[in-house]
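Following this message is one structure expressed as C-alpha cells.
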Ligand SMILES: NC(=O)c1ccc[n+]([C@@H]2O[C@H](COP(=O)([O-])OP(=O)(O)OC[C@H]3O[C@@H](n4cnc5c(N)ncnc54)[C@H](OP(=O)(O)O)[C@@H]3O)[C@@H](O)[C@H]2O)c1
C-alpha cells in the first residue's frame, strides 16, 4: 500500500469527545479526507452529518456526506486508517474490528489494562498500529530531553545524588492516573538508569512512609478545572534542582500529532509503533 497522503481516507472514533472534535478540526486544517465518523451507541450525534454536527457553514463541504455511525464494523471498509480517542472499553472492540479488516489504527486512549495492551501487541503482528500516551511533538521531544538528563546525571558522581519526581496536572474529567505522559517520562528515566520502572515507582505518599529511597521515581497526579495537561519532571539535588516542564495550551497539539501519525502509518508494514517512529522517520 503506497498512498498519497492527501487521499488517505481517515475514520475518527469518538467524534463527540474533547479529542474527537479537535481531531476533526485538525483533519480539516491539514486537508485530510475524513470518510468515517463514529460515536457512542445512543449518543445524540448518531445519524447526523459530521458537518451539521460541527455547524460547518459551507454547504459544499464533503463532511455533509459523512454520517455519524455507531457501528465501526459496518463502515470500516470506507476508510484506510482509524484514529481512536474513545475509551479503553470501546478500544477492545475497535481493535478486533481493525484487525479483522486489516486496517491500521492510531490509539490515543490512556489507562489501558495489561490484557488490552497484550491484545494490541497481538493485532500488531498483522496490522500497523501507532500507540502513544501523548501525540504532542513537544512532549515526545521532551521525553528525549528527560532521558538525556537522567543519563548525564547518573554518569556524574556528584549528580548521582539527584532524585527524580514527576508531577502532572489534568482537568477534572480525566479518568486515569498517572497520565500516560507521566509514565513515558518515568520510563525514560528508568531506562536511562538501567532500572525496571515497575520496581522503583512510587505512586503516592500518605502516612508514615519513611525516608525517600534514593533510586525511586515519584509520580504525583493532581486534577481540577479545565487543565489540558501539564507535566514537570524534577531532578532534586542538594542545594539545587532541575525542572523540565511541558504545558499543553490546548488539545490541538495532540490532534495534529495523531493526524500526522495516521498519514505516516498508512504506508507502514504491520508492527507496533510509537510517536518517536512517526517523528524520526
Ligand atoms: N495520547 C494523547 O496524546 C492523548 C491526548 C488527550 C487525551 N488522551 C486520551 O484520550 C482519551 C479520550 O480523551 P477525551 O478527553 O477526548 O475524552 P472524552 O471527551 O470523554 O471523549 C471520549 C469519547 O468517546 C466516546 N465513546 C465512548 N464509547 C464509545 C464507543 N463505543 N464508540 C464510539 N465512541 C465512544 C464518548 O462518547 P459520549 O460523548 O457519547 O460519551 C466520548 O465522546 C482518554 O483516554 C485520554 O486520556 C490522549
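Using the three backbone atoms N, Cα and C, a Cβ is placed for every residue, glycine included.
Annotations for this protein, taken from TrEMBL, read as follows:
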type	residues	note
DOMAIN	8-135	domain 'Dihydrodipicolinate reductase N-terminal'
BINDING	14, 15, 16, 17, 18, 19, 57, 108, 109, 110, 132, 133, 134, 135	NAD(+) binding site
DOMAIN	138-279	domain 'Dihydrodipicolinate reductase C-terminal'
ACT_SITE	170	active site, proton donor/acceptor
BINDING	171, 180, 181	(S)-2,3,4,5-tetrahydrodipicolinate binding site
ACT_SITE	174	active site, proton donor
Name the residue among the binding-site residues 16, 134 whose Cβ has the smallest number of other Cβ atoms within 10 Å.
16
Between residue 180 ((S)-2,3,4,5-tetrahydrodipicolinate binding site) and the residue listed as 'active site, proton donor/acceptor', find the distance joining the two CA atoms and give it rounded to the nearest Å.
11
By CA distance, which of the recorded positions (170, 171, 174, 181) lies nearest to residue 132 (NAD(+) binding site)?
181
If you count CB neighbours within 10 Å, which one among the active-site residues 170, 174 has the smallest count?
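Each of the active-site residues 170, 174 was scored; lowest Cβ tally within 10 Å is 174.
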Tell me which of the binding-site residues 14, 16, 57, 181 ends up closest to the residue listed as 'active site, proton donor' in space, Cα to Cα.
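Closest candidate to the residue listed as 'active site, proton donor', judged by Cα separation, is 181.
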What number of additional C-beta atoms lies within 10 angstroms of the C-beta atom of residue 132 (NAD(+) binding site)?
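If we count other Cβ atoms within 10 Å of residue 132 (NAD(+) binding site), we arrive at 25.
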